Amino acid sequence: MNPIRKIIHIDMDCFYAAIEMRDFPELANKPIAVGGDAKRRGVIATCNYAARQFGIRSAMPTAHALKLCRELILRPVRMDVYQKESQYIRSLLTEYTDLIEPLSLDEAYLDVTESTQCQGSATWIAEEIRARIYQTRQLTASAGIAPNKSLAKIASDWHKPNGQMVIRPEDVSAFVLDLPVRKLFGVGPKMEEKLGALNIKTCADLQRYSVEYLLQKFGTMGQRLYELARGIDNRPVNPERIRKSISVEETYPKDLPNSEACLAVLPELMARLEARIQRAGKISGIHNLFVKLKFNDFQQTTIERVMDKLDLIVLRQLIQEGFARRGMPVRLLGIGIKLKQENTYQSVQLPLLDL
C-alpha cells in the first residue's frame, strides 16, 4: 500500500515586487509594480499588495494601471536578478527533497513523503523553508501542505502573504465541501460561469452530479471536475517536467463573428501571454508561434509558423489564415509559443506590445 503523500506548494509573495522593495527600501509601503513602459504599451508583470488595493493586477496594461493609481511606482523588469534569487531558493529546497517540480521562478511543488528532515513533518519542513528564505534573502513565502498537488496549491493561497495552511488527509472530504469551484485547478471565469448556470457554486454542489453527466457536459474536463470536487489528484510531483509551450486562450461569452473581431481581442491576449512569459523566467528560446481557433460548431484548428521571437504581425496573419479555414464565428481563441527543446536557456526579448 502506498503511503499517504506529503506535498508542499511553496509560493513566493509578489516575488518581483518584493525583490524591488528589498533592494530599494524607500519603496516599502508604496504602491509599486514591475512591468513595461506605458508609453510603449507595456504590461504589468506583478505588483505589491499596496498596488493591488487599487485593483492593479498582473497582465494589466501599464497605462490602465497608472490610471487606477496615479502614485504607482513603475519598476523595470530585472530578470537576471529575479533568476538568481530563484536559483538560490531552489538550491535551498533541494536540501529537503529531490522531488521538486518548479512551476515558474516563484513557485514549486515538493514531495517530502520520504524526507527525514524535521522529523519527517511536512508542516515543520515548510515552516523551516519559509524561515530560511526570509533569514537569508529577506523575502517572504507562503506554503500549502496537503496530500496532493491541487490541494497544496489551494492551501498556499489561503493565508497569503507570509503564511501557510495544512490540509490533513482526514480533513480533505470536509474541506472541499464548502470550497468554491473557482478555486479548482482549471476553473477560470468562463468555466465558473458555466457551472453557475447549473447552480454549481461549491464542490458540494458539484458532487451531486455523476461523472457520466459531467463528461457529457464538459468533455474530458468533466472527469477532472469530478475528481477535484472530491479532493482527488493523483498527479505526481515531476522533477523532469520540461515546459514545451506557453500559451493563453479565452472562451468568449459571445462568438467572435469575423476575423476583424478576432484581431480586436488580440492585444489583450498578447498582454497576458507576455506576462506569462515574463513569469516563466529563462526559457529555451522560441521555436514556433501558434494560434488556436475553436469555431461555434466546436471544430478546432491550430496554425503555426517557425519564428524565434514573439511577433504581433505574424500572430495577426496566423489568426486571419486560421479563420479563413472555416470562415465561421469563433468561440475560443488562443495564442502561444512553442519552445526549443535544448539545454541552453535564455531570456526572451519581448516586443513590449507596440500595437
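Glycine too: its Cβ is placed from the backbone N, Cα and C atoms.
The domain 'UmuC' annotation in Swiss-Prot covers 7-188. Under the heading Mg(2+) binding site, Swiss-Prot lists Asp11, Asp106, citing sequence analysis as support. Per Swiss-Prot, the feature site 'Substrate discrimination' maps to Tyr16; the stated evidence is sequence analysis. As annotated by Swiss-Prot, active site applies to Glu107.
Taking Cβ-Cβ distances under 8 Å and a sequence separation of 6 or more, the neighbours of Glu107 (active site) in its chain are His9, Ile10, Asp11, Met12, Ser156.
For Asp106 (Mg(2+) binding site) paired with Tyr16 (site 'Substrate discrimination'), the C-alpha to C-alpha distance reads 9 Å. Sorted by the number of other CB atoms within 10 A, the binding-site residues Asp11, Asp106 start with Asp11, the lowest. Taking all protein chains in view, 27 other C-beta atoms sit within 10 angstroms of the C-beta of Tyr16 (site 'Substrate discrimination'). For the recorded site, Tyr16 (site 'Substrate discrimination'), the DSSP three-state label reads helix. Averaged across the domain 'UmuC' (7-188), pLDDT for the predicted model comes to 93. DSSP gives the residue listed as 'active site' a strand state.
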